[in-house]
């Protein structure tokens, strides 16, 4: 049914669909096996929705090596939360990413390492990758790691992170990568929840010219965690004096010398877990998202091939970290499944200067560049002059990931980086989806600046009215984005908490998968992503739970209550703003330095930011902490965050209906506090 009250997708009215530029087609190595135009996409998409059994069985056999064939393509339903794909089929992820390419073309580059210091760059071939993966797998096997065990990986974006992941799954074990920017406490929470007995890390990391003391963080986080019996440590910097606990800590290079150069992979059931990846949840506690082997690998391979138009001769550059899903799917699994070199980038776009990305593209003749809008906003603001110094003509496809990209930034990206010669693929997907949900297929689907265009094969996308829960038919509608049927790469569960999985994704709208994002579908059926509709903030493409940040802040002994909201930010997409009310009599504006009983506002803010950095990580730090007397609440005691979000967005004249507030009198004081503590500092 079409609901008249739903707004039209206004920004789409003047957006013109664009065909791929001529340069894109001329620079393609070949067209065999790819989608040639939108009519072919529509035909195949229709088949993928109406006859998924035939469609996905053909693709699974084409793109993956199976040790034993699957007997049934799919089973289960969204409503029951019991989805399974490729039942009884057996395969190994490490074999599919490494062995088959090493046997066919051992000297072909597999991992192109771009180190923090460019003097440390090197390349690993598929043949060498097989040897190194086998040796690390041999170490883990000697320690008793077996099929179904979890192994935690706390490494920066270096080849050893990819090698460790592939070594774990070679044994049929489950990797749980923890982003190396997370604090000791966050690492501990994830290691304990996953039940990991082995942790893989390094002595130190290097990022932006700075040293990150990773082994020290691991030691702090795992202090008293008796379940961890072994820690494998890669020597990244070689700094002397790294503490090593006898019987628990072992150097990777010393242990690798004891192992054979080839270890056979363990065949896994298609539904065996491949990895856990913790993501922010609206309840505050991180969720260990479970992805399984067969379906996830197919999603990674298919989307990399068809969305990005990837050919064997290409070089793929994902400027993302394996600590997040983008690094998993499009820096590791997608490219390596297709036998394509992947660039492993350890540093930042600003180190040693803003030409770093473009030197990488020029040096390795990268054909694909995939990055979050945050990085492009930064370069647009302060690093644009560097772009023209480099030859970027090898690029054919530009990707955007992690958050919606504005039409203006899309145009800049297309013109300045692509020289109007590339296809820009704005992709929408999630940790839970495993691979792209909605994205243009380069060269086949015309693009529109600001739109993620059309659903990928098998993604039966729809728009739901958030009030009635009824699907909204037709075009030019707005609502909540959902998916009507299962797809191979979707997450299967939350680790040790399947009820939470069903409650979070399947129960909000029974019979549908709830993405948590709002969206519009324009007059052409193209999708426009609006952002989160739940209590999750997207900062620089990283999803952060507002509840987790609130729980961290309220741990401060003199904080009474706190509410965290996300607002639009020119650089990071969204920014974290924290409203904090204090216990009576705690704060004193004129407290003398060193006063033990009171604290100044600036000192308190500093304390709270350090608390967030220490407990969660620097990337979760609030942009501003606003101290208030009280928070706006309904008569049932619920904090009205939409009011705080409007105030922090400088939209106090658009607060809407406040009749349900029990303490509407606090609103003017909050507006004043925001004026003095946030807006005044921005001027």
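Start at 1 and count along the chain as shown; that gives each residue its number.
Every residue, even glycine, has its Cβ placed from backbone N, Cα and C.
Other C-beta atoms found within 10 angstroms of the C-beta of residue 326 (CoA binding site) number 23, with every protein chain shown included. The DSSP secondary structure for residue 326 (CoA binding site) is helix. The CoA binding site feature in Swiss-Prot is assigned to 207, 208, 209, 210, 326, 540, 613.
Around residue 429 (ATP binding site), a 10 Å sphere centred on its CB holds 26 further CB atoms from the protein chains shown. The ATP binding site annotation in Swiss-Prot covers 402, 403, 404, 426, 427, 428, 429, 430, 431, 517, 532, 543.
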Seminar exercise, completed: Here the binding-site residues are 208, 326, 613, and the Cα closest to that of residue 429 (ATP binding site) is found at 326
For this session: May I ask which residues of the same chain, at least 6 positions away in sequence, place their Cβ under 8 angstroms from the Cβ of residue 540 (CoA binding site)?
Result: 372, 374, 402, 572, 573, 619
Exercise. Where the record says 402, 403, 404, 426, 427, 428, 429, 430, 431, 517, 532, 543 bind ATP, what is the longest distance in Å from one Cα to another among those residues?
Worked result: 18
Exercise. Going by C-alpha positions, which of the binding-site residues (207, 208, 209, 326, 613) is nearest residue 532 (ATP binding site)?
Worked result: 326
Problem set entry | residue 209 (CoA binding site) CB neighbourhood, other CB atoms within 10 A | 12
For this session: Pop the Cα-Cα gap between residue 326 (CoA binding site) and residue 404 (ATP binding site) into the table, whole Å please.
Result: 15
Problem set entry | Least surrounded among the binding-site residues, given as 427, 431, when other CB atoms within 10 Å are counted | 431
Exercise. What is the one among the binding-site residues 210, 532 whose Cβ has the most other Cβ atoms less than or equal to 10 Å away?
Worked result: 532
For this session: With a 10 Å radius around each C-beta, find which of these binding-site residues (208, 402) has the fewest other C-beta atoms nearby.
Result: 208
